[in-house]
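Student: Shown below is the structure under consideration.
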Amino acid sequence: MVTYSANYSPSFQRRSPVAVHNRRSNMARMDLNNIVGDPFALITISTSMIAWLLSFVTCVISDIQGLFPNFAWWAVGYMLCAIIGISIVLGSQTSHVYGVAIVGYLAAGLAFTSLAVNSLIYDDEASKQAAAAGFILQSMVIIVWIFYFGSSRHSSSRGYHDSMGAGKEQHHSYRNSKPISNNYGARPETTVSANQPPQMYTSAQLNGFETSSPVSGFPPTATNGADIQNRFGTTLGSQTNLGGGSTIGQDHQSTNEVSQPTEYPYRAKAIYSYEANPDDANEISFAKHEILDVSDVSGRWWQAKKASGETGIAPSNYLILI
């Protein structure tokens, strides 16, 4: 089996231009099922659209009837773009990628809607007061969105919101939406990726290995060979060429292999789908909301076990402990 170190695993190597082209062609796409099947997304988007329509229609009526603050139109247009953008993000399940940007845009939108409310709510016209009510409702939805997108994926509130869509099964590949990072962190050492440390001997153990020949790796004399056999047993003493060291390396490698864990004390739930890299036998694929058994949660990659018995490593930022 080919041995990979943590820094030279195929998962971290630069992909060929063909792979990059295929990756770009498989970018995250909008899927309305992700909104319809998620009560949180469906309720917040529907409420924001109703509030926006209320403010838009009443602003048109107020503008026709008389003087109208032009700043309110900027708030109407800005919130339309914000609602469309958030709908696309929730529909493509890329909130973990654009969450920081969304919070910034929503913070500005909250300021705009608040100023629009202040300029409309104190007027005696019913249409302007209705427009202010629409902006107030939009502000309430914005506050909920800021709390959602601004929270960590591992927070209890975010996990509760994500679990609301548990009845919706996701089959799209995680590669369509996961961020590309070259500084993700080292993976845990497994049987394939473990670095084998060099075998060390003391000076007393190396006594008898000396050779009078200046050529490195020259076969020892019969006396030295017998002494080696007495010190290390028949396995080492039976070798005729110490320079090659093939048997020594194989024996040492077999004793230093990291075995698979036998206990999985933790349970984790997948908050996003993940498709394992076909070039790396250590990774495992899993679907969204799938339950995995985890042996260690200290690193960025967790050793996990599926219900089918398949074991491997999984990225920790796509799992949440339960």
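Just so it is clear, glycine is given a Cβ too, placed from its N, Cα and C backbone atoms.
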Student: Under Swiss-Prot's topological domain names, is PHE68 on the same membrane side as VAL294?
Tutor: no
Student: Given 159-184, 211-236, which one carries Swiss-Prot's region 'Disordered' label?
Tutor: 159-184
Student: Can you tell me which of 41-61, 71-91, 130-150 gets the most C-beta pairs within less than 8 Å of the transmembrane segment (97-117)?
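Tutor: Highest pair count goes to 130-150.
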Student: In the same chain, which residue numbers or ranges, 6 or more beyond the ends of the transmembrane segment (130-150), come under 8 angstroms Cβ to Cβ?
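Tutor: Distal contacts: 40, 44, 47-48, 50-56, 58-59, 62, 72, 75, 79, 86, 95, 99, 102-103, 106-107, 109-110, 113-114, 116-117, 120-121, 157-158, 161.
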